[in-house]
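The structure under discussion appears below in the form of structure tokens.
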Amino acid sequence: MRYKLVAGNWKMHGSLAENQALLEAIVPATRDLARVDVAVCVPFPYLQQVRDLLAGTHVMWGAQDASRHAKGAFTGEVSADMIAEFGARYVIVGHSERRTYHQESDALVGAKCQAVLGAGLTPIVCVGETLEERERGATEEVVARQLEAVVDAVGAAGLSRCVLAYEPVWAIGTGKTAAPEQAQEVHAFLRRRVAERDSAVAEGLTILYGGSVKGASARALFSMPDIDGGLIGGASLVSEEFVAICKAAQA
Ligand SMILES: O=C[C@H](O)COP(=O)(O)O
């Protein structure tokens, strides 16, 4: 049986003082959960602080993006190796905010995924449809295309070292959580698509749901057979909410 994973995506939020207070609340409150992994993905400048605060604790941590390049004249870019040097575990790749605001293509997301795996880190690869795409019945086509770009880049063996996150764009930061059955349908579809390549990889693949998850909505989502936890935005900045979500993920 797959473990659950609850990963906070702080996005562009935080300060040294706020991060410390948040982590000091989250660490003890999530210490003894059964079969739940907990992680936070933080802005680059806070990697060192988070490493120091989380050293020796059960809470894992990571970044929110990485360059496709290993090194070179790429002003403003941060390589996966640099992130790995801090001792990170995860890097979010292909979040819809990067696809939309930074024009990241499916091919670039695949290349970034490859770079992250090459650094020995675990990519949390995001896929998801816009409202317009859902309304015209293109959800499966869109997430399949996004998934295939990753599999083309890293193969089924590479995918087995990734976490997948289904994040319907219309549910991100809007307060409109997908209904558990609605999310389950897409998660099951994604797992079936992976199974067409490799059934063992599909069975072992952790697929998170992201999009306005709150303490109150988490348990119903996480009780679905193909939903293995959550990628949490806004609620990961509020310790009581994030802890409630982590508790809802317990077996
Ligand atoms: O990565 C997290 C997702 O974008 C979800 O964000 P949200 O929980 O604020 O809707």
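Think of each number as a place in line: the chain as shown, counted from 1.
Using the three backbone atoms N, Cα and C, a Cβ is placed for every residue, glycine included.
Taken from TrEMBL as is:
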BINDING   N9, W10, K11, G173, S212, G233, G234  substrate binding site
ACT_SITE  H95  active site, electrophile
ACT_SITE  E167  active site, proton acceptor
**Study point:** Between G233 (substrate binding site) and H95 (active site, electrophile), the C-alpha gap once rounded to whole angstrom
**Key:** 11
Check your understanding: Roughly how many Å separate the Cα of H95 (active site, electrophile) from that of the residue listed as 'active site, proton acceptor', to the nearest whole number?
Key -> 8
Point to revise | Alpha-carbon spacing, E167 (active site, proton acceptor) to W10 (substrate binding site), which is rounded to whole Å | key: 15
Point to revise | Extra residues within 8 Å (Cβ to Cβ centroid of N9, W10, K11, G173, S212, G233, G234), substrate | key: I172, I232, A235, S236, L237
**Study point:** Contacting recorded positions for ligand 1, chosen from W10, E167, G173, S212, G233, G234 when the Cβ sits under 6 angstroms of any of its atoms
**Key:** E167, G173, S212, G233, G234
Exercise for review: Count, for each of the binding-site residues G173, G234, the other C-beta atoms lying within 10 angstroms of its own C-beta, and report the residue with the smallest count.
Suggested key: G173
Revision key, fill the gap. Sparsest Cβ environment (other Cβ within 10 Å) among recorded positions K11, H95 belongs to K11
Exercise for review: Using DSSP with the three-state reduction, classify G234 (substrate binding site) as helix, strand or coil.
Suggested key: helix
